[in-house]
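Notes to accompany the following structure.
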Amino acid sequence: MSKSLPYSTRDVNYDNAKFRQRSLFKVISQTLLTNNLKRGFISCSMGKFLALLLIFGVSYLILTNSGLVHPASDRLTKRIMTDGEDKVNMNGTGSVRKFWRRAPRLPPRLSPDEKGDNHKSSKDSADSNWIARQQKVKEAFIHAWSGYEKFAMDYDELMPVSQRGVDGLGGLGATVVDALDTAMIMGADEVVSKAGSWIEKHLADRISQKGQVNLFETTIRVLGGLLSAYHLSGGEQGLNSMQKGPKPAVYLETAKNLADRLLSAFTSSPTSIPFADVILRDASAHPAPDGLSSTSEVSTLQLEFNYLSTISGNTNYSIEGMKVLAHLKTLPKVEGLVPIYISPHSGEFSGDNIRLGSRGDSYYEYLIKVWLQMRAHEGSNVTYLHDMYEEAMKGVRHLLVRKSIPNGLVFVGELPYGSNGAFSPKMDHLVCFLPGTLALGATKGTTKEKAMKENLLTFEDLENLKLAEDLAKTCFEMYSVTSTGLAPEIAYFHTEEFSEGGLDGGNKSSEFVNDIIIKRADRHNLLRPETVESLFFLYRITEDPKYREWGWQIFEAFEKFTRVDSGGYSSLDDVTVIPPHKRDKMETFFLGETLKYLYLLFGDSSVIPLDKYVFNTEAHPLPIQGLV
């Protein structure tokens, strides 16, 4: 017990003594002995005689009083005392009982130290519960990896039901690289050792021999994974120089080899907008078959290329990546919102389709994240990125945010024909990245409490934070409204202008069963991370435990319906029926993102702090230079 506190054990014992029951004799004798008249009164024989007479007299009254009370009268007295009224019963005994009635015994008081210990015990119990849940996520990761290792090692992805591998991302062993930093964060040393060894032995050859890959997917999954592994294994005095696996330099050299080939997408294009596809073996690039690039894809490369420039000393990576954002700044927008296609030939947007789902999503995410990454760099002028982000979020609130009926879920819809066309109440699960991004943009990674205390939040920040919390609830309800407790790939919302019957999620007990419409073609679940990503960001920033609880419910649903006993987890065909049919595919992002965000959500907030790291769109944490 701390001795520095003024409130001591002696004080506690004194306070507790005040509430101990005392006998009648002690009451009278202690009263007399402590009275101011004590000295003069007891000093004479007459005083002693009168004192004894008083004691015997009072004792006699008490003893005789108990025998005079009539049973009926006693019951009346009890009723009166129970009613809490100061009344005298018919034979006058009520007043005597009232006079001698003891004060209620109060519970002992605790010292501040003991109170703190109790609070600490309660907190320790809660922490222990979340540590146990975090361990469950780690076990799920090990199970997912074991299925991949047994049946699909060397391939990009696992087909867990068929127990075989498939190359859908260029044949670079994407699951190995995507999962590596998750294993490092979890302390899954055996996985780190095996994945690191595979990268050291095989990946460089794969890069030099393979054919076509998508610039965006390869950058966020493979390049991002290598760069994060470099830092987490101790590169540039990163987190853990004792990490299992190869030396950090292996990850850096492999990343440079890959990035040098990916740069051809930038240098081959006639504009600042890179081509979509790269042929790795001859470092050449070409546009997608329709000639267009996705807006989100060309604007979601900069975190990775900027960090590579920082650790390699080669500024070309950053220069090429940042040219894209500088060019996008000059293009016309609709209240900060942009169409989902852009031409690398003309450098102009193509079409009018505006949405924050596929092909549009991470454009908005990287505006704020690249600003956070670069703002501390000496000589960097990236204020325009924050301005573009703020303008875009105003546009989202004005043009895309609506409420469902009958229960008012806040959602983000689409403008498939631009701002002059009809509004669509369609929301991809991909849009559920937005609550986390809004929260991050509002507080810049610090907690809401700290930001409020230091007066760091503007009115705009507060509006964005409120929208973040509203949208996070909607994203969670997209899970809880279904029979499986897992969200569909796409949901529509019941509005005054749009309604379709018979297309609910199957959970009739959900309060929002009539708000959310799930069309038959959209009922699949791909093990996506966006909702748990936002729950992670919102828990870190608001410290509200409900986001952890929601994350745990989602994890339990994954465990119940997507786990494959032989190893791995499978996407589902239809989340509205039980049992759901397994789709036979485990995406790399289930290990790289979904399980990583759940693990971090249930863990200590000091691990990968949001004010010192940015997560790329594939959940690979990259340090903010100068802060880590």
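Even glycines carry a Cβ here, placed using N, Cα and C.
Lifted from TrEMBL, the feature list:
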ACT_SITE  E217  active site, proton donor
ACT_SITE  D361  active site
ACT_SITE  E489  active site, proton donor
ACT_SITE  E530  active site
BINDING   T617  Ca(2+) binding site
COMPBIAS  111-126  compositional bias 'Basic and acidic residues'
DISULFID  C432-C475  disulfide bond
REGION    105-129  region 'Disordered'
TRANSMEM  49-69  transmembrane segment
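Positions of TrEMBL features highlighted on the structure.
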| residue | record | contacts (Cβ under 8 Å, 6+ apart) |
| --- | --- | --- |
| E217 | active site, proton donor | L169, G170 |
| D361 | active site | S296, D428, L430, V431, F433, L434 |
| C432 | disulfide bond | L471, A472, C475, M478, A487, E530, T531, E533, S534 |
| E489 | active site, proton donor | D428, H429, D522, R523, H524, N525, L526, R528 |
| T617 | Ca(2+) binding site | I220, T300, S362, E365, Y366, F433 |
Local Cβ density at C475 (disulfide bond) - other Cβ atoms counted within 10 Å:
28
For E530 (active site), the number of other Cβ atoms found within 10 Å of its own Cβ:
24
